[in-house]
Amino acid sequence: MTDRQTDTAPSPSAHLLAGGLPTVDAAASREEPKPAPGGGVEGVGARGIARKLFVQLLGSSRSVVAVVCAAGDKPIGAGRSASSGLEKPGPEKRGEEEKEEERGPQWALGSQEPSSWTGEAAVCADSAPAARAPQAPARASVPEGRGARQGAQESGLPRSPSRRGSASRAGPGRASETMNFLLSWVHWTLALLLYLHHAKWSQAAPTTEGEQKSHEVIKFMDVYQRSYCRPIETLVDIFQEYPDEIEYIFKPSCVPLMRCAGCCNDEALECVPTSESNITMQIMRIKPHQSQHIGEMSFLQHSRCECRPKKDRTKPEKKSVRGKGKGQKRKRKKSRFKSWSVHCEPCSERRKHLFVQDPQTCKCSCKNTDSRCKARQLELNERTCRCDKPRR
């Protein structure tokens, strides 16, 4: 091989900077570097290859790495002479190499900051020694001739033993930092995925206590105890308790009271109160267009209840013994009026206290009069017998 062929041969660093990372066999990566015939070390070495594979796995942009490394490196054949093709190291390059060896493994790997983990600086540091590595075999092959120099160039990427040792000391530390970061990143990603998966399922199939109770079957004993005759809270209309106070509007119009309610075991029995008590509540009384105030009103409550036989309300009255005197005549007249009033239907089921019924004709009339409603600037509603606001 001639001098021109050796000068024009592609350098390994140029191939690396072009973007193509080397692919290494698994068996070759476990082999130890072999000594070259012209001196130096043959091959890149297992640790250098592993470092390049880590950079490739991290997915760093090869174009950015190539630009960064090309900006900082010089051509490989810049120091060679045109006539002989041998590299002239010079005193300046030797001084720079000695300074780099004194700086330590971190400068050899090109790490600038402790937080730089992308591995781009490591590739640049590997390419720079690879470009300067042919200096040792070139210097060693001068007395042996061109054959030894050609064998040293064909052996791959030779490196000096001192530089290989510094790289081997710094490589595991850099790789461990990268692996720690990758593991932590994977752990956080898995935790986030598990949280999102759990949140998705919880929204898709919500389970509440109300839905579970809606499908629950209530047992027979619970139904029996709840429906049996007992005092239970009931909403009672105030007008039902105070039928004479028709000039007021009450707020609220009904109050919660404990009243006897429920079922008995026999249809001939009914639930009736056996113990009663009074309770006082504050109710707002409103006189339309006049005044309103909060007053106290007393209501009747049931404390205890029992099932007792029903009273026969349709039972005919016993005939009174005929006798002489005015008292007997009055009783007979009252009984006649009662018998006649039985056939009359009630005027209203809800507001009986607002109507007056004639027992003979069963005609209903209002207790309120039109003049009484006009005195309050209201109008009498004959259908409901209440004083309502005038319509405009």
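Quick reminder: no glycine exception, Cβ is built from N, Cα and C everywhere.
Marked as compositional bias 'Basic and acidic residues' by Swiss-Prot: 89-104 (among others).
The compositional bias 'Low complexity' feature in Swiss-Prot is assigned to 121-143 (among others).
According to Swiss-Prot, the feature compositional bias 'Low complexity' maps to 158-174 (among others).
Sequence annotations record features per position, and here Swiss-Prot assigns compositional bias 'Basic and acidic residues' to 309-320 (among others).
If you look up Swiss-Prot, you'll see 321-337 marked as compositional bias 'Basic residues'.
Neighbour count (other Cβ atoms within 10 Å of the Cβ, all protein chains): 20 for CYS229 (disulfide bond). Marked as disulfide bond by Swiss-Prot on the basis of similarity to another entry: CYS229-CYS271 (among others).
Of all Cβ atoms in the protein chains displayed, 23 besides its own lie within 10 Å of the Cβ of CYS260 (disulfide bond). CYS260 (disulfide bond) falls within a strand segment according to DSSP. The disulfide bond annotation in Swiss-Prot covers CYS260-CYS305 (among others).
Here Swiss-Prot flags CYS264-CYS307 (among others) as disulfide bond, drawing on similarity to another entry. In this view, CYS307 (disulfide bond) is surrounded by 18 other Cβ atoms within 10 Å of its Cβ, with every protein chain counted.
Annotated N-linked glycosylation site per Swiss-Prot: ASN278, in sequence order, evidence recorded as a curator's inference. Taken residue by residue with DSSP, ASN278 (N-linked glycosylation site) is part of a strand.
Feature annotation from Swiss-Prot assigns region 'Disordered' to 1-44 (among others).
If you look up Swiss-Prot, you'll see 73-174 (among others) marked as region 'Disordered'.
According to Swiss-Prot, the region 'Disordered' annotation covers 309-337 (among others).
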*Please list residues from the chain of ASN278 (N-linked glycosylation site) whose Cβ is under 8 angstroms from its Cβ, counting only those at least six apart in sequence.*
SER298, PHE299, LEU300, GLN301
*Please report the number of other Cβ atoms within 10 Å of the Cβ of CYS264 (disulfide bond).*
18
*asked:* Given a separation of at least six residues and a C-beta threshold under 8 Å, show me what packs close to CYS271 (disulfide bond) in the same chain.
replied: CYS229, ARG230, CYS260, ALA261, GLY262, CYS263, CYS264, CYS305, GLU306, CYS307
